[in-house]
């Protein structure tokens, strides 16, 4: 494997590993005390725990101290022209569900 191809793969892998993290302000629902409320999904996540959304390949982490939550996802990938991404694997939790890529 050429040094240039190896360099491109290392950079691309670093981008894939870095993923995407979004922090949301506190969100609760009166029917679910002690839980974060993810309104978009109508889903409660117990404070101090995580929930994986396999369909979208993301992980929600609820912080018990204030019921804010964090969403970890695969993020955008910068894939070289000679590579093709694989689809999200909906049988696995984040980060194992993130697309991989194969290169010629």
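Glycine residues also receive a Cβ, built from the backbone N, Cα and C atoms like all the rest.
Over in TrEMBL, the protein carries these features:
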- 36-103: domain 'Single' (DOMAIN)
- 1-19: signal peptide (SIGNAL)
Check your understanding: Going by DSSP, how much of the domain 'Single' (36-103) is helix, how much is strand and how much is coil, in residues?
Key -> 0 helix, 27 strand, 41 coil
Check your understanding: What is the average pLDDT across the domain 'Single' (36-103)?
Key -> 93
